[in-house]
């Protein structure tokens, strides 16, 4: 309970504070009449008394005028309105009887982004707008506004939610496709007209405002109920969640692309480091490794054999190898018994009695080494070996390598009878005579390999390998043969492309009648495919149901061509690319909306009171009608009941709300028809008989500005039925059959939607946000959200009422 109170308090203080008790925030308000600076200098408009004296009111007269906001003023309006989904149109007006005119219009070229219109011809208020899918929409609200009386009108738009108030009474509340306020540059703002030639409003307007805020109707009618949160608040929350999901998907896609680019970085130049034996070296840095002089170049270690110097050594020294170094260095020597010994070398001397004495070269003198005793040997004396550098014998097969050796990498230590020596591994050669340092033999560079044609020799440490060139497959370790990807179907050509094998690869070329890069080919139709047709082969269009012809340019009249057999209780009505069976007079649909009209059932006029039989007759229901029967023996008057009033037999009258329809009572039956127009009669009603109006001022100009129509002429323009009536053009949406289905599509160049079973084909879906999708990364997606499929760059997926629909953009593929 407390949470609901807090939420309500929050909504009242923060959501409605700008309206209730605190006035309207000027940054959220567009006062149209004030900003347009209307005055005596404005042609066709003059100031008059209004409904109240608080603000100015203006009379829009029946004269040529151009009430249009300047470019700067219009842009100020649009900065407040652009990309907003919560706003209200407010106006106080008094419209001339029977006038059909535009209250305000925001449009760019022929695209009406927001237009409010009142038709006195058809007694309805219309809202024209464009949705986020860039389709035009018209919402019609039946209401008599053009009655020469004062009215307060407010139209609140909250995302996909519309509320129409008139005189502070909620008249209509609807859920529609969300209007788009993504207004492009060059959009114009008109008041009281659509443009210089059409939609002239006639009457008085006062307090014309646009409030960019929730439930702006409160400013006009403070006592109206408020709701919190609004539809736009809810849409905003869902949108934020979808945006976060989109950010996550885009981030994942960017990461995937970054990984791919990192794999291609070796094609780019950048400073690269080298690592050898745990040490990292920078670009161009050099160092000595054993008998090699190495340098880091572009991330690769390049080594050359070290050239050793040959220095002159001082007296009592000579050149000798030093542990851990490749080149010889000067080292102290000793002369003993006619031989030369280097510092640290030992030698044994045996006395005549067989006693062993050990000497070591130290400080240029052979010095006696004290004996520390020898370990006992476990081999017979015949297997014992005398050593030249030790008084202790060893057994045959002794492991000298385990004691100490100077063999470096790529060199192995080998045991001889009395010492250890170094030997280069297979595939390596010695860098000095003792084999302590060895280098790899590059069999590829020296031609010491066995790789045959169609292969490339790659050197490896101590060996080499033969790899196949691109487009070839391996036969054995040393040879490869040609690989025909076209024959083995190991190519990436489109099914509508031809594969041509080349040396080491293949080429893809689209077949005649198809366009693309070979890996993606699309059929090409020279004249295009109209009315939603699809080009499926060279100059072959697959036409949607209801159209025919090479380019699907011809509408099939299913009604006259006999393709459709409507039920006897229905009439066949042809539509562009479609048809429907409409219940005949005296019948109505039972709610099943069957395509052939089987759901049309008889209206029981007698039971529902929809008959005109007088009280002295008895109503008998008939199939598709009724009969007024006089009881036997009774003298009936033949009078009729119409709109609750008695009409005498033979009486003729004009309908109250339609002065152009004449009704008569004939023996209990009311028959109504349009007034017969006699253009020779000088008193003919030109409103009902506009075709009898000869005045040039009553002509109308077509929306394209090229065709002139006489009063009474009708035409179809952008899925709207238009009529010229005494110089005024009035247009209303073409009637479409009810579409009671979850998924529908509005084919190109058609005016009425059709039902489809596949949600991926649908462009209009009754979005149910409770239905979610689970994408390929197990991320929950809301209905309406879209994302780039993981691991791809050109596959766009969308969640449609729990169904995942994906499509590939061929142009995107070509740009990769």
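Any Cβ shown, glycine's included, is placed from N, Cα and C.
Around the Cβ of residue 422 (disulfide bond), the number of neighbouring Cβ atoms within 10 Å comes to 20. Here Swiss-Prot flags 407-422 (among others) as disulfide bond.
According to Swiss-Prot, the disulfide bond annotation covers 424-438 (among others). Residue 424 (disulfide bond) counts 21 other C-beta atoms within 10 Å of its own C-beta, drawing on all protein chains shown. DSSP assigns residue 424 (disulfide bond) to a strand in the three-state reduction.
Proximity of residue 451 (disulfide bond) to non-local residues of its own chain (separation of 6 or more, Cβ distance below 8 Å) is seen for 444, 457, 464, 466, 478, given in sequence order. Sequence annotations record features per position, and here Swiss-Prot assigns disulfide bond to 451-466 (among others) based on similarity to another entry.
Among the features that Swiss-Prot reports, disulfide bond is placed at 486-499 (among others). Contacts of residue 499 (disulfide bond) defined by a Cβ separation under 8 A and a same-chain sequence distance of 6+ are given as 485, 486, 491, 493, 506, 507, 508, in order along the sequence. According to DSSP, residue 499 (disulfide bond) is assigned to a strand segment.
Sequence annotations record features per position, and here Swiss-Prot assigns disulfide bond to 493-508 (among others). Other Cβ atoms within 10 Å of the Cβ of residue 508 (disulfide bond), summed over all protein chains shown, number 19. In this structure, residue 508 (disulfide bond) is part of a beta strand by DSSP.
Under the heading disulfide bond, Swiss-Prot lists 510-521 (among others).
Taken from Swiss-Prot, the feature disulfide bond applies to 525-535 (among others), supported by similarity to another entry. For residue 535 (disulfide bond), the count of additional Cβ atoms within 10 Å of its Cβ stands at 20 [all protein chains shown].
Residue density at residue 529 (disulfide bond): 24 other Cβ atoms are found within 10 A of its Cβ, drawing on all protein chains shown. Under the three-state DSSP scheme, residue 529 (disulfide bond) falls in the coil class. Taken from Swiss-Prot, the feature disulfide bond applies to 529-541 (among others).
Neighbours of residue 543 (disulfide bond), defined as other CB atoms within 10 A of its CB across all chains, total 21. Annotation source Swiss-Prot lists disulfide bond at 543-552 (among others), citing similarity to another entry.
Around residue 572 (disulfide bond), the same-chain residues at least 6 positions away in sequence with a Cβ under 8 Å from its Cβ are 558, 559, 564, 566, 579, 580, 581, 582. The disulfide bond annotation in Swiss-Prot covers 559-572 (among others) and rests on similarity to another entry.
Every protein chain shown contributes to the tally, and the Cβ of residue 583 (disulfide bond) ends up with 21 other Cβ atoms within 10 Å. For the recorded site, residue 583 (disulfide bond), the DSSP three-state label reads strand. Taken from Swiss-Prot, the feature disulfide bond applies to 583-600 (among others), supported by similarity to another entry.
Under the heading disulfide bond, Swiss-Prot lists 613-628 (among others). Every protein chain considered, the tally of other Cβ atoms within 10 Å of the Cβ of residue 613 (disulfide bond) stands at 25. According to its DSSP assignment, residue 613 (disulfide bond) is in a strand.
Annotated domain 'Laminin G-like' per Swiss-Prot: 64-228, in sequence order.
Taken from Swiss-Prot, the feature domain 'EGF-like 1' covers 397-439. Mean pLDDT of the predicted structure over the domain 'EGF-like 1' (397-439): 91.
What Swiss-Prot records for 698-756 is domain 'VWFC 3'.
What Swiss-Prot lists as N-linked glycosylation site is 53 (among others), and the listing cites sequence analysis. If you draw a 10 Å sphere around the CB of residue 53 (N-linked glycosylation site), it holds 8 other CB atoms from the protein chains shown.
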Other CB atoms, at most 10 A from the CB of residue 466 (disulfide bond): 20
Within the domain 'VWFC 3' (698-756), residues counted as helix, strand or coil by DSSP: 1 helix, 25 strand, 33 coil
Residue 529 (disulfide bond) to residue 552 (disulfide bond) - Cα separation in whole Å: 6
Residue 510 (disulfide bond) CB neighbourhood, other CB atoms within 10 A: 21
Number of other Cβ atoms within 10 Å of the Cβ of residue 615 (N-linked glycosylation site) across all protein chains: 10
Collapsed DSSP category at residue 635 (N-linked glycosylation site): coil
Residues that sit under 8 angstroms from residue 438 (disulfide bond) by C-beta distance, when 6+ apart in the chain: 408, 410, 411, 424, 425, 428, 429, 430, 431
Between residue 548 (O-linked glycosylation site) and residue 613 (disulfide bond): CA-CA distance (Å): 50
Three-state secondary structure, residue 628 (disulfide bond) (per DSSP): strand
Pairwise CA distance, residue 521 (disulfide bond) versus residue 548 (O-linked glycosylation site), rounded so that it is a whole Å: 25
